[in-house]
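For reference, TrEMBL has these:
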- E45: active site, proton acceptor (ACT_SITE)
- E45: active site, proton acceptor (ACT_SITE)
- K114: active site, for glutaminase activity (ACT_SITE)
- Y120, S176: L-glutamine binding site (BINDING)
- G291, M292, S293, G294, G295, I296, D297, S298, T398: ATP binding site (BINDING)
- N374, E403, K526: deamido-NAD(+) binding site (BINDING)
- 5-246: domain 'CN hydrolase' (DOMAIN)
Amino acid sequence: MTDRLTIALAQTNPTVGDLEGNFALIRDVHARAAKAGADLVLFSEMVVAGYPPEDLVKKPFFLDKVEAVVHRLAELTYKNDTAMIVGAPWRVEGKLFNAALLLDGGEIAAVRAKHELPNYGVFDEKRLFDAGDLTGPVVFRGVALGLMICEDMWYPDVTECQQECGADILLVSNGSPFDRRNVESRMQSAVARVTESGLPMVYVNQVGGQDELVFDGASFVLNADRGLVLQLPSFEAGFAISDWQRGAEGWQAAAGEMIKPPEDMETIYRAMVVGLRDYVTKNGFPGVVLGMSGGIDSALSAAVAVDALGADKVHCVMMPSPYTSHESLEDAAEAVKLLGCRLDEINIGPAMTAFDEMLKPLFGDRNADITEENIQSRARGLTLMAISNKFGKMVLTTGNKSEMSVGYATLYGDMCGGYSVLKDIYKMDVFRLCRWRNEGKPQAWAEILKGPDGPVMPERIITKPPSAELRPDQKDEDSLPPYEVLDDILECLIEHEMGVGEITARGHAPETVQRVWKLLDLAEYKRRQAPPGVKVTSRAFGKDRRYPITNAFRKII
């Protein structure tokens, strides 16, 4: 029985389905841990396959390949004294589990299956996996390790089983996605499990973007007294050695690296940058192209793109119409100058004229209305898609959550694209994020954010009234409530499922609440056709919120 143990925390950024790439990633981290003299390396949930693998795990051929990679990883532990715990989909007697596998001495020494399968929000694990039994700890070199997988930590049953069966240390492998409220609740759950069991905990989370999810890492170690003694960085890969010693009152970890998580706006901005960066790079796009209107949404989207990818990979296009103000032209040019990326100007006036002539025999003398406004937006979408087709860059859409909530967007127009950075960002947060970014990059991010330090957009972009500029003197508030009102109502409706009475009690006019509710409901068909985007709230559009398009329940009680 040993009285000392060295555990390496491996906070990595795996890619779903890239089995060879993930093998190389795990191999290199394992070699680093072995060189540092670690006894054991703890990796994140599903690190071999990438998380979440979704329906890939329904392919037997994929599972065959995963198992082959796991056996190759096990062979690595034969060459040195450093074991590892990796996550993978694992078949046992006709069942499929989300499993943690202890690889030691050249073989698979133990397998533990996830017991608590999440089936809410973005998670569908009950559809894919069988629930594991409640099992006791794994004995590793005389130390009883309570292996747990992500959701197992959020409820007391698995921890209680580990404690009752004699576990010494809780080891938790995670694929816990970011949202702005999850960071605090995650730590609260960990502290609760440590308090209930009296056992210390090692928690390892993955980092990186996977479609609409971003994983923020921030792996940590808690001692039995609930003291936080080690924490890895947020939103970037990390590695740390945690030294443990057995004492009269059990195992205790020595103090290690401590990196404080970022604050609210900083956290959201980092999530946007990481989500876009990994979506573009993991899918092999050479860069992005986006419409630059001179407004705040496109300015923030461009800033995030430059910070994520570098100015050389961001192509901005200004597409003025007869309704575009000179001020907007100036603001777009100034924003791009600050960012240092490319700007081209393509006038859509000829396209508008061509469509008018094409449709005149059908439209006759009917008055111009929203039809002609949408033609402008679709002419811009067509232009951006043509550039994308010709040069291979992905079109980045620039609509925010407030607009998408109420349908203030044009199908096949400004919704046209491959990814939406602001999809889960309310308009008031757009203003806050712009002001935060204009204050300059945090020193700790100097090498991570690829954009310039200092302001990245003109002050006038932030202060002028928002406008789509699809008709003379148009302002967003001609069609929508003020954004500070709209956003509060939307958050109540979307994230909290509150009724009219509850929202009215917050000081909003009943007719305004009813109107916003109706707009939210009617726009579902548009949102189903929107590109993916970074999730930052507790309830983003998509898997988080599944409402029917054909829906006769319109009356609000």
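Residue 1 is the first one shown; counting continues down the chain.
Each Cβ is built from the backbone N, Cα and C atoms, and glycine gets one as well.
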Top Cα neighbour of G291 (ATP binding site) in the set of recorded positions E45, K114, Y120, S176, K526: K526
Candidates Y120, S176, E403, K526 (binding-site residues) - the one closest to the residue listed as 'active site, for glutaminase activity' by CA: S176
Of K114, K526 (the recorded positions), the residue whose Cβ has the fewest other Cβ atoms within 10 Å: K526
Spatial neighbours of S176 (L-glutamine binding site), counting only the binding-site residues S293, G295, D297, T398, E403, K526 and Cα distances within 10 Å: none
Shell list (ATP; ref centroid = CB of G291, M292, S293, G294, G295, I296, D297, S298, T398; cutoff 8 A): A299, S301, A302, A332
Non-site residues, in chain order, whose CB comes within 8 A of the mean position of the CB atoms of N374, E403, K526 at deamido-NAD(+): S377, G399, M404, G407, Y408, A409, T410, L411, G413, D414, M415, A523
Rounded mean pLDDT for the residues that make up the domain 'CN hydrolase' (5-246): 96
Sparsest-packed of the listed binding-site residues (S176, S293, N374, T398) - C-beta count within 10 angstroms: N374
For the recorded positions E45, D297, E403, the one whose C-beta sees the most other C-beta atoms within 10 angstroms: E45
Sparsest-packed among the binding-site residues, when each Cβ's other Cβ atoms within 10 Å are tallied, from G291, G295: G295
